[in-house]
Amino acid sequence: MLIKSPKSHTLREAHITPETAYVSRRRVLAGLGAGIGSLLLARQSHGLDLLGGKSRQAAPRKPLTFTAHKPAPELILTPEPKVITHNNFYEFGTGKTDPAENSQHLKTEPWTLRVEGEVEKPATVDVWKLMNEIGLEERIYRMRCVEAWSMVIPWVGFELGKFLQRFAPTSRARYVAFETLYDPEQMPGQRNRYVGGGVDYPYVEGLRMDEAMHPLTILSVGLYGKTLPPQNGAPIRLVVPWKYGFKGIKSIVKIKLVERMPPTSWNKLAPQEYGFYANVNPAVDHPRWSQASERFIGPGGLFSVKRQPTLPFNGYGEEVAGLYSGMNLKKFY
Ligand code: MTE
């Protein structure tokens, strides 16, 4: 297996290549520590059929009933076709179009979510029933990937904090641990480490309790008014708008409240590159590229990707900076 050590110039490709060119290329990450966004080994789509894309027909999405808010005038939405074809979901391959191509057969209904750990009332929740009774709202958020691209997405969901209160967290609950479905039969990246980018599956993520309880933090069940497509994390995923996109764990089956900081997938793979906190911070560069600016994937055609400055806490500093007062954000990246 060819393993190229990552060099900073290899990462520039996404910065200078028109979006349509780089999203159509499939990549397989080879080896540990490669990191998100590394260009390591390209595989032609007619090459090894490791991904097993069973069905190219889009999985049906249901319309949702939700409360809409007046959108902030400065936010320009990323068009829906781009939101659902430019994805990171390594369980379905590491190329940006792999998740849309290879996840359409994922069985998302029925789906249960287990909430346990430091709670007085652990329970297993039927996610589809939950969608009907919880009261959904639309949240239009900026989304900043650690790879230095960004979108603006109209999510539909509910506040994680309000949801967690149902289970009566104990005083020992200091962190929240999340887990994605582990099902190698349905997820080719979990069957083959080259397809899955070397991630140790199931994909896991975590938040500090106060981050989880913050009203900006949501569990999303939809986007653009309809249920999530599989490639975006159907039927339920996390959205934390002031953190890098990799915190937004997809297709969640378990939430556990815990006393100690839980392990997180990208931190396990490359701890020097991806921290637990992962707050969007233009002043703290990724070891292999700058985080000072980003390519906004917005409306328009081929050359519409716009470079713009990255905002501290992705523009949500007023609401969340207080969570980190006194903390050295270079050390706790
Ligand atoms: N969740 C799982 N289970 N597997 C993944 O590979 N990728 C993360 C995150 N959640 C990922 C995941 C990364 S790196 C990003 S940037 C976002 O999902 C991308 O979300 P999107 O495809 O909906 O834009």
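Each Cβ is built from the backbone N, Cα and C atoms, and glycine gets one as well.
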Candidate sharing the Mo-molybdopterin site with N87, Y90, E91, C145, N232, R237, G248, I249, K250 (per TrEMBL), from T180, T310: T180
Binding residues N87, Y90, E91, C145, T180, N232, R237, G248, I249, K250 (Mo-molybdopterin) - maximum C-alpha distance in whole Å: 19
Which same-chain residues, if any, lie at least 6 apart from I249 (Mo-molybdopterin binding site) yet have Cβ under 8 Å of it: F178, E179, T180, Y203, V204, E205, G233, R237, L238
DSSP three-state assignment for E91 (Mo-molybdopterin binding site): helix
